[in-house]
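> Dropping a structure here in structure tokens format, bear with me for questions.
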Amino acid sequence: MDKILVTIIAGLLVGFIVWWFFGKHVTKEVAADVTGNEQDVSVIVNGGYTPSTVVLKRGIPAQITFNRKDPSSCLEQVVFEDFGINDFLPQNKDHAIDIDTSKPGEYSYACGMNMFHGKVIVK
Amino acid sequence: MSIRNRFIFSLIVSTPILINMVASPFGFGLPGGMWTQFLLTTAVMAVSGRAFIQSAWASFRHHHANMDTLVAIGTGTAYLYSIYAMFSNQDVFFEDAALVITLILLGQVFEENMKRNASGAVAKLLDLQAKEAEVLRGGEIIKVPMAEVVVGDILRVKPGQKIAVDGVITEGSSTIDESMVTGESMPTEKKVDDTVIGSTMNSTGTFMFKASKVGNDTLLAQIVEMVKKAQTSHAPIQKTVDKISDIFVPAVLIIAILAFFVWYVLLGASVVTAMLFTVSVIIIACPCALGIATPTALMVGTGRSAKMGILIKNGEVLEAVNTIKTVVFDKTGTITVGKPKVTDIIGDEQMVLDVAANLEASSEHPLAAAVLEKAKEQGITPNAAQNFKAIEGKGVQAQINGKKAFIGNDKLLDNYNLTDQLTAKMVQLQSEAKTVVIVGYDDKIVGLIAIQDAPKQSSATAIAALKKRGLRPVMLTGDNERVARAIADQVGIDEVIADVLPGDKADHVKQLQQQAPVAFVGDGINDAPALTTADVGIAMGSGTDIAIESGGIILVKNNLLDVVNALELSQKTFNRIKLNLFWAFIYNSLGIPVAAGIFVGLGLILSPELAGLGMALSSLSVVASSLMLNKTKLTTVTA
């Protein structure tokens, strides 16, 4: 009886893991607030980047303000490969990063170990 | 709470648990028995382990899983099961939870220190900058902070002082130690009109110089910027790794569940045994080792090469270097010094030089500089000729005193005839490795100018070193075959492609590419197309301006030996990346089955504590292996 129960639970857990981690989950895009000739958007770093996709307007100097709530060392660096940015994010403090919006495109960024990903779209 | 403090706390609190574990076979137990263990472990979980759980939960909500997920689930399972076991009077495993957390934190403390070591090299470069400068303002020399120095300012530098920004000497002379920026160990002599590099150290003389680049435009700032970019870049090999790490943690969780299922349901093991295998699987799996294998090696490798004056643009270049079989060199300025000198003038010396100087007065060709230099020596002031017309690939023509004058290479002979005597002279000069320029006036050839550009001292050594590495050196030049051959013989290059028009260099590179991947070494100014076409473009810097756009590797020093160093360092770094990835893969693909109990038949069992130690060591060993790149010996002697 125990064994049947364990089998059922194990099967359900595997199914749940596959659905939860590998299934398609919609992520929201957030556009930056434009004030005058500046745009700013904040990203909360907690087990990932929220929002994970931000949209910036081309040609307007932009800033992304990261705030890391997550205590894990996994997320303490943020790396924008295309811009050569590799910044340390202090925990529970705002850290602003200037983004070059002169060229349109999709720029992905990640944590220091490239496990968590976020995206900046300039258009 | 910092990782360090979390580690110290868990170390202190879990020490009694450890003593209890080691000493219990000898009949010693902690006072209070499992209740004490329960309290101590709860403290470790709550203080040191909480961050793992927090982070795991936060990522879980994002449909993500990371290393913290594994630590949290692994230790959490052991902890919760032990509480259940405590109340139902069975064996408890509190020590597993507490010790695993301690060990993993220990690994993270080390890792943090090492990573700081690996990335610190570049940040230190910027600290080299002077904080103040002595600037001439309103006829007086005053000290101002660095930020107030602007382009065009005249600055004074005394012996032992740091040069504030990039510029050109206007007064005085000195020897300057540029090793911190260019990696060149010998101090360089500098006089009026020579360029100086910001942040380098003035040693002997006092001089004044005019600031040409300040702030983010200085060579040092550009180098730092470039190295930063290189260090955040990814080698293409990393892409596969990223795909694996995306699914890694969930996959490990599934394997762990399967391990429990197999042991408990199929093999009929006890709940405890099945659970210990499950926990071991979760704990030993280490996505971190995979994740940091490439970035740490890149960081150390590019940082070390930057210190030697070798700037590697990104991970892609590093990977491409590994496939290179042929190295193509531009001749002028790359193999040779690039400062040609007039050695012989055939014909009426005064007249030939006069015509030549008038034609070359506004040219930027390196040979023109030699002609003008000679004219200056002879006291000839050139009057620029009129109606310039380029003769494509051959030279230029223009009007002097209303008559047609021309200057150019031997391809001009398609249009004009040379006397037998001059032809013989020309062949002789060319075999002496001298470039011969034909000068004509009034539709007749009036003379020849022989210009020699000697090979750099380092060229022959560098070519020999390349050959020893099994690479095939090729010289590509617009110069005449005989001249090119003569230079090639001097430096030991067997293959020469001569008479190449400037625009065709890239095509020749393409042709060579059909046989094997090619690296092109050029001076970065007129070689841009060839540099981009080649699999790896190596731009020789002129010392102050780095042609960042054109090359994949930029050599700050104008020394050919650095080509060998650059190739070797890139290969070493890339090999280290591969080694790191290999270990990280092997570790996980061996560690997980062992932890799951596949080799129990052979007596091979991993307890969760050992699994935790293994995990801590695996990422540590990767970082340590990357740091070793700083110590690997290079076969080439740095000149």
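Cβ coordinates are placed from backbone N, Cα and C, and glycine is handled just like the others.
Nobody curates TrEMBL annotations by hand; they come from automatic prediction.
Not measured: the values here are computed from a predicted model.
Sharing the feature lines straight out of TrEMBL:
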- B:128-228: domain 'P-type ATPase A' (DOMAIN)
- B:7-28: transmembrane segment (TRANSMEM)
- B:34-53: transmembrane segment (TRANSMEM)
- B:65-87: transmembrane segment (TRANSMEM)
- B:93-110: transmembrane segment (TRANSMEM)
- B:247-266: transmembrane segment (TRANSMEM)
- B:272-298: transmembrane segment (TRANSMEM)
- B:581-604: transmembrane segment (TRANSMEM)
- B:610-629: transmembrane segment (TRANSMEM)
> Restricting to the same chain and to residues at least six past its boundaries, which positions have a Cβ under 8 Å from a Cβ of the transmembrane segment (B:272-298)?
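Contacts of the transmembrane segment (B:272-298) (Cβ under 8 Å, skipping residues fewer than 6 from its ends): 66-67, 70-71, 73-75, 77-78, 81, 85, 90-91, 93, 96, 100, 111, 114-115, 118, 230-231, 233-235, 237-238, 241, 244-245, 248-249, 252-253, 255-257, 259-260, 263-264, 315, 318, 573, 576-577, 580-581, 583-585, 587-588, 591-592, 594-597, 606-608, 610-612, 614-615, 618-619, 621-623, 625-627, 629.
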> Mind pulling out the one from B:7-28, B:65-87, B:93-110, B:247-266, B:581-604 with the most Cβ pairs under 8 angstroms to the transmembrane segment (B:610-629)?
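By Cβ pairs under 8 Å, B:93-110 leads among B:7-28, B:65-87, B:93-110, B:247-266, B:581-604.
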> Across the domain 'P-type ATPase A' (B:128-228), what does the mean pLDDT come to, as a whole number?
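Value for the domain 'P-type ATPase A' (B:128-228), mean pLDDT as a whole number: 86.
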> What are the DSSP helix/strand/coil residue counts across the domain 'P-type ATPase A' (B:128-228)?
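Looking at the domain 'P-type ATPase A' (B:128-228) with DSSP, the answer is 20 helix, 42 strand, 39 coil.
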> Is the transmembrane segment (B:7-28) in contact with the transmembrane segment (B:247-266), using at least 3 Cβ pairs under 8 Å (sequence separation of 6 or more) as the test?
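No, these stretches are not in contact.
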> Give residue numbers and ranges for long-range contacts of the transmembrane segment (B:65-87): same chain, 6 or more residues beyond its ends, CB-CB under 8 A.
34-35, 38, 41-42, 45, 49, 51-53, 55-57, 59, 93-94, 96-97, 100-101, 104, 249-250, 252-253, 272, 275, 278-279, 282-283, 285-288, 608
> What residues elsewhere in the chain lie close to the transmembrane segment (B:7-28), defined as a C-beta under 8 angstroms and at least 6 residues from its ends?
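Tertiary neighbours of the transmembrane segment (B:7-28) are 1, 36-37, 40-41, 43-44, 47-49, 94-95, 98-99, 101-102, 105-106, 108-109.
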